[in-house]
Amino acid sequence: MDDPYHNNVNQQMTEGGEYTYTQDGGGQDGYPYQTDYPPQEEDAASDATEGADDDEQMYEGEYQGIPHPDEIKEARRAARLEARRKARLAGQQQEEEEDNLPEQYETIMEECGHGRFQWMLFVVLGLALMADGVDGFVVGFVLPSAEKDMCISNSDKGLLGLLVYVAMMVGALVWGGLCDKMGRRKCLIYVLTIDLVFSFLSCFAQGYGFFLFFRFCSGFGIGGSIPIVYTYFTEFLQMDKRGEHLSWLCMFWMLGGLYASFTAWGIIPHYGWGFSIGSEFQMHSWRLFIFVCLFPALAALVGIIFMPESPRFLLENARHDEAWMILRQVHDTNWKAKGEPERVFTVTNIKTPQTQEDEFIEIQSDTGTAFQRWTVRHVTMLQQVMANIMSLSAPELRLQGLFLLIVWFCLAFSYHGLGVWFPDMIKYMQYEEYESKVRVFHREKVERFHFNFSLVNQIHREGEYIHDKFANIEIKSVKFEDSLFENCYFEDVKSTNTFFENCTIKNTVFYNTDLWQEKFKDCRMENTTFLHPKKGCHLNFQEENDIVIYMVSFLGSLAVLPGNILSALFMDKIGRIRIIGGSMLASSACTFLLLLSFSQGAVICWQCLFYGASVAAWNGLEVISVELYPSSKRGTAFGILNGICKFAAIIASFIFAAFIGITKIIPIFLAFSALVCGGLVALKLPETREKILS
């Protein structure tokens, strides 16, 4: 008869912490763990239990090698604890791998190399930056012509410049935050499209209200380009290339200034290049200039359509497959251009954090009407952007963020303030020189005379003009005070800055002239006739345009070229902090030379010197701003900093312009103080040239 306990029960634990049981052969008699011992006699087995208490009977299965139920429970409890421990270790390991995304991404970018792909992206993003630089000059160049063409008053003229900068400030804040949630490429396409559409419409706006609205919308669009461009390009660069190539990218803003100055110089003075459709629609040369300024933005928009999204943004949002495909594209493009098409992209797995925000949006998008889905999606995105902004006040970012705000504000205040002061000072000097050459005629009496020559820069006081004829002439910067015009005839007269004050006009005819109500101040008219008057404001097609302002802007933009080159070459060698601090302190020293600006030539010379010294600080500041913040907050932080820059420019333009013709000391002192303060604070910022993008 077979032994009923012939098979043993062995316990094994699976990976899930569960136990399975298997039976196999034991010793000679079927008992486990007894193969090394001699067989016992039958009596010996009963002797083993002799003397045992009835209450302390031993577990019967102990002899058959069957585990006690308590032991099984204990073993299962231990297995569960071990499984939890392994899960914790696996979670910690995954977190460490996720935390190592910056190092992993830097390694991938080093494997991809720096080559054709980065240079293509460099040109495309550079054109977008150039478009921003062009827009910064457009209003200033077209305003002298536009104010005559659309009858813009001095107060409205100031409002145009103010609203454009306000729009750029708002655009930087909004698009900087959105590019961290929607993507760099997508937001840049929106930004350039908005700028193109509304800039194009502003070319044809005949009324000042529409022109103001279109330029505001255009500024809102292009204002977001700087935060997006620097954030976008940074995420395609490896650590040892960032400082140099971001500095080269800054040169495109300079090219924007050169392009705007050169085209304005070549187009705006040529009034004959315009055309008109009837009397209501006028397309003068300054409108053609705005149209030509669209070309950089158009070229950038076409180029960015063929560029991929930032893979770092995709990885931050758990879109691994898309990021991997783009990184492989970068790798293959670069190495194929270097003559190594056989090189294989070895990255097979990228560990990134999982995000729940997008899942929430998708869940909500599956319910409700189309409008409700749209509302939920955009409200949620707005909440995410606001949360991102609030997260910049975290303890680890708070202090460096405050330092950056101070440096950005100080540099922008002095740079843009002096940028307004230089051309206005030149205009004031021109005005003083012009006023010094004014000819004054007192109590002249002219009878039966035919004025067939232009009257320029004159003042006529208490004169008498009887039976005189003014025909086919230009009257420029002429003032008639307390004078008498009797039986006179004005025909085909064009006037600029010409006024009649406290004059008496009798039996006089004005035929086809632009002398209308606004030209006569406190005048007494008797039997005066106006035939075919040219009401409103009109451009003077024969007037020579003042090209000095274009030349000043052109030379100022060109002057930053040496500073750009030097900062690009030394950004990674001596560090960002020394570049910023040294450039701002050197610029502050240049401001004292402005006290010696007694001529237009001296002002232009010191302007070029100041711009050349300060551009390195701009380059270093833009580089360190994208390196200090993590990828999920980079666009938001840069947008806020750029918005502060525009805010400082608005304040500075009002303050510095207020002292034109009054004193030079206060503007120079303000610029010097801001530069010294910003330069010293910049020395407190952390160095980032060896920092891996977080």
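Cβ atoms here come from the backbone N, Cα and C positions, even for glycine.
According to TrEMBL, the protein has these features:
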type     : residues : note
COMPBIAS : 39-59    : compositional bias 'Acidic residues'
DOMAIN   : 121-689  : domain 'Major facilitator superfamily (MFS) profile'
REGION   : 1-68     : region 'Disordered'
TRANSMEM : 119-146  : transmembrane segment
TRANSMEM : 158-175  : transmembrane segment
TRANSMEM : 187-207  : transmembrane segment
TRANSMEM : 213-233  : transmembrane segment
TRANSMEM : 245-268  : transmembrane segment
TRANSMEM : 288-307  : transmembrane segment
TRANSMEM : 402-422  : transmembrane segment
TRANSMEM : 547-570  : transmembrane segment
TRANSMEM : 577-598  : transmembrane segment
TRANSMEM : 604-624  : transmembrane segment
TRANSMEM : 636-659  : transmembrane segment
TRANSMEM : 665-683  : transmembrane segment
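Simply put, out of 187-207, 213-233, 402-422, 577-598, 187-207 has the most Cβ pairs sitting under 8 Å from the transmembrane segment (288-307). Long-range contacts of the transmembrane segment (547-570) within the same chain, counting only residues at least 6 positions beyond its ends with a Cβ under 8 Å from a Cβ of the stretch, are 137, 140-141, 244-245, 247-248, 250-251, 254, 257-258, 260-262, 264-265, 268-269, 419, 422-423, 426-427, 430, 579, 583, 600, 604, 607-609, 611-616, 619-620. Within the same chain, the transmembrane segment (245-268) packs against the transmembrane segment (119-146): three or more Cβ pairs sit under 8 Å, each pair at least 6 residues apart. Tertiary proximity for the transmembrane segment (213-233) is limited to same-chain residues at least six positions away from its ends with a CB under 8 Å from its CB atoms, namely 121-122, 125, 128-129, 131-132, 135, 139, 160, 163-172, 174-176, 178-179, 184-185, 187-188, 190-195, 198-199, 201-202, 205, 245-246, 249, 297, 310, 622, 625-626, 634-635, 638-639, 642, 646.
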